[in-house]
């Protein structure tokens, strides 16, 4: 997710100036890669986080912060309970967070876009393909872009990567839900 968009849309943020890097919003096992598994396991029994080692917590505070309330641990707990528990047959709680961090480290989306001269700007807009193309070149896979509406334009909110069910191999995202192609996308 792009924290400034999240903060603008939700109009509340834990810090006056949100992070200017793409961060993790979540790892969501979904039925797009395994129709027998749901993407939302909120009906699961509520589980507290096991002891996440301090070195992993430090990494997650940068890669997976709660930009709205600032309560990272509660955010991770909610994501685990809502989505992570779907992966319990493949990933235990620790593996879920370690895998999420490893995925985030695989590609620096902020730098990929910066190298393509796509940088935060208050008035500049880009086409969907302008943003997807450099990411696809760098990752060799097609991502999905998600936007939030803002007047007559869209704000880039998330760059989604798709993985096969075991979350080890990245695959093309073949879903169509995301930013609209015919409306300019702002990244500010």
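Cβ coordinates are placed from backbone N, Cα and C, and glycine is handled just like the others.
Positions annotated as active site by TrEMBL: 25, 79, 83.
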Seminar exercise, completed: Cβ atoms other than its own within 10 Å of the Cβ of residue 79 (active site), all chains, total 21
Exercise. Between residue 25 (active site) and residue 83 (active site), how far is it from one CA atom to the other, in Å?
Worked result: 11
